[in-house]
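To start, the structure itself, in structure tokens.
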Amino acid sequence: MSGNPASSSEQNNNSYETKASLRISEKKCSWASYMTNSPTLIVMIGLPARGKTYVSKKLTRYLNWIGVPTKVFNLGVYRRQAVKSYKSYDFFRHDNEEAMKIRKQCALVALKDVKAYLTEESGQIAVFDATNTTRERRDLILNFAEENSFKVFFVESVCDDPDVIAANILEVKVSSPDYPERNRENVMDDFLKRIECYKVTYQPLDPDSHDKDLSFIKVINVGQRFLVNKVQDYIQSKIVYYLMNIHVHPRTIYLCRHGESEFNLLGKIGGDSGLSVRGKQFAQALRKFLEEQEIADLKVWTSQLKRTIQTAESLGVTYEQWKILNEIDAGVCEEMTYAEIQEQYPDEFALRDEEKYLYRYPGGESYQDLVQRLEPVIMELERQGNVLVISHQAVMRCLLAYFLDKGADELPYLRCPLHTIFKLTPVAYGCKVETIKLNVEAVNTHRDKPTNNFPKSQTPVRMRRNSFTPLSSSNTIRRPRNYSVGSRPLQPLSPLRALDTQEGADQPKTQAETSRAAHRLPSPAPPTSPS
């Protein structure tokens, strides 16, 4: 039989592009995003200077780190785009009708962007960062969510401690775009008057009557007390758990790797080797550094591997061993050099270079698995004061990615050299990083991200050993949502029905029909070796 070479080539290219698009979709939707069976809108509530933006940014950073696509929509940004110059607190008076119209219009524009993010951009959670202090505004948001079948979870920040409020104004609001080139006294005076404007119409959530059926958490006086009401699902329970662990007290987190090991010298990954001579020198230098810093109540954590324990032993302090701080499990590639892996497992070597974050070693872990494993460490770090974590390269990359808000593309390639300390100091909306080298030579274990200079059509198609089940379709928007028991959508599946109608469907497909249709899709090729 004769065939058309051009047609065959075109089919191959189309096949590759289809698989490539699937991989892009897989990259956007990690295991954690499947914890949300419908998009969720987190709505902040509270007077100005109550830490709403702090909580919004911190919560968003955490959710993105665990793999749930999340984005903050700050209403102040929309307001500043609509009103180029801020003059005084008069803009926020409830009897300023013109300003009230502008503020409502800004809210509607922001909600339109929320809808686009959750329905068109593969977002799973949107954080609506605004005061939302009136029931009228909250009802507007609830109606918006009902129309789009979004779940809603309110986070109200309540604070009546004047010292905390004043500290927040001085730390954050003085540098706000609303106050260019103003002195502290004028800023404080204007902002306190702005708060009074909001107090006139402030209607806190009422768990006993008007708001008893809403899902929310009240955070009182920066975590002194909490009130939780009607949590709907797993992701909301994770949000509550996270918010109950964070604090704003000053502290410093120190991250470093163990001293250089014998396997580092040999270029081998994994294993449980001891320190080299230079590694022991680093341990002594680390002890001297900590003594000079005079850090109060410092806790030291290590993994359960020999090289971190030997590093901590030289410090002359008590330390805790965490098994979940052990290095990433390289499976069959443990105690091998990269050259040996490339020679013995060339396909695996290429697969890991293709997508390092998602790639899982045969019989081992991926970076995505490691992030899941390290979540309890992050929770405990958020609860603690001053801590030194002595860990490993992959582990340290995951921890750094959380504090520095780095995504899956950057995480596996963060530079974490041996004999270097990362000093992390939490600040208002992020983390200040200082890098301290202790002047003890060590081998370089970093591998740069490989560059692929081949045209897409010439790139070999490989099946990834993913850390999650690949999607059967790259179209994440039209994928039917299965709502959990006890938390039905406010308006069940209306967007899907509309889509089916547009395509000429007589009636909405049932779950069984959807499942049968999925089984008719071509199955992906089996992995190169079992996970």
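Using the three backbone atoms N, Cα and C, a Cβ is placed for every residue, glycine included.
In the three-state DSSP reading, Asp129 (active site) counts as strand. Here Asp129 (active site) comes close to Met44, Lys52, Thr53, Ser56, Val72, Phe73, Asn74, Leu75, Gly76: these same-chain residues lie at least six apart in sequence, with C-beta atoms under 8 angstroms from its C-beta. Residues or ranges marked as active site by Swiss-Prot on the basis of sequence analysis: Asp129 (among others).
For Cys159 (active site), other Cβ atoms within 10 Å of its Cβ number 18. DSSP gives Cys159 (active site) a coil state; it is part of no helix or strand. Per Swiss-Prot, the feature active site maps to Cys159 (among others); the stated evidence is sequence analysis.
Taking Cβ-Cβ distances under 8 Å and a sequence separation of 6 or more, the neighbours of His258 (active site, tele-phosphohistidine intermediate) in its chain are Leu275, Gly279, Leu305, Arg307, Thr308, Gln310, Thr311, Ile390, Ser391, His392. The annotation active site, tele-phosphohistidine intermediate is assigned in Swiss-Prot to His258.
Taking the Cβ of Glu327 (active site, proton donor/acceptor) as centre and 10 Å as the limit, one finds 24 other Cβ atoms among all the protein chains shown. As annotated by Swiss-Prot, active site, proton donor/acceptor applies to Glu327.
Secondary structure at Lys173 (beta-D-fructose 6-phosphate binding site), taken from DSSP and collapsed to helix, strand or coil, is helix. The Cβ of Lys173 (beta-D-fructose 6-phosphate binding site) has Pro48, Ala49, Tyr179, Val187, Phe191 as same-chain neighbours under 8 Å, each 6 or more residues away in sequence. Residues annotated as ATP binding site in Swiss-Prot, with similarity to another entry given as evidence: 46-54, 168-173, 349-352, 393-397, Tyr429.
Look at Swiss-Prot and you will find Arg79, Arg103, Thr131, Arg137, Lys173, Arg194, Tyr198 tagged as beta-D-fructose 6-phosphate binding site. Note on Arg194 (beta-D-fructose 6-phosphate binding site): other Cβ atoms within 10 Å of its Cβ, all shown chains, come to 23.
According to Swiss-Prot, the N-acetylserine annotation covers Ser2.
The phosphoserine annotation in Swiss-Prot covers Ser467 (among others), and the record cites experimental evidence as its basis.
What Swiss-Prot lists as phosphoserine is Ser484 (among others).
The phosphoserine annotation in Swiss-Prot covers Ser494 (among others) and is backed by similarity to another entry.
Taking the region '6-phosphofructo-2-kinase' (2-249) as a whole, pLDDT averages 86 in the prediction. The region '6-phosphofructo-2-kinase' annotation in Swiss-Prot covers 2-249.
The region 'Disordered' feature in Swiss-Prot is assigned to 446-531.
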Exercise. Nearest to Tyr429 (ATP binding site) by Cα distance: which of the recorded positions Arg79, Thr131, Glu327 is it?
Worked result: Thr131
Exercise. Does DSSP give Arg137 (beta-D-fructose 6-phosphate binding site) helix, strand or coil?
Worked result: helix
Exercise. If you measure Cys159 (active site) to Arg50 (ATP binding site) at Cα, how many Å is it?
Worked result: 6
Exercise. Taking the residues Arg79, Arg103, Thr131, Arg137, Lys173, Arg194, Tyr198 listed for beta-D-fructose 6-phosphate, what is the greatest CA to CA distance in Å, to the nearest whole number?
Worked result: 24
For this session: Please tell me which one of the recorded positions listed here (Arg79, Arg103, Thr131, Tyr198, Glu327) sits closest to Tyr54 (ATP binding site), measuring Cα to Cα?
Result: Thr131
Problem set entry | Gly46 (ATP binding site) and Thr131 (beta-D-fructose 6-phosphate binding site), distance between Cα atoms, whole Å | 5
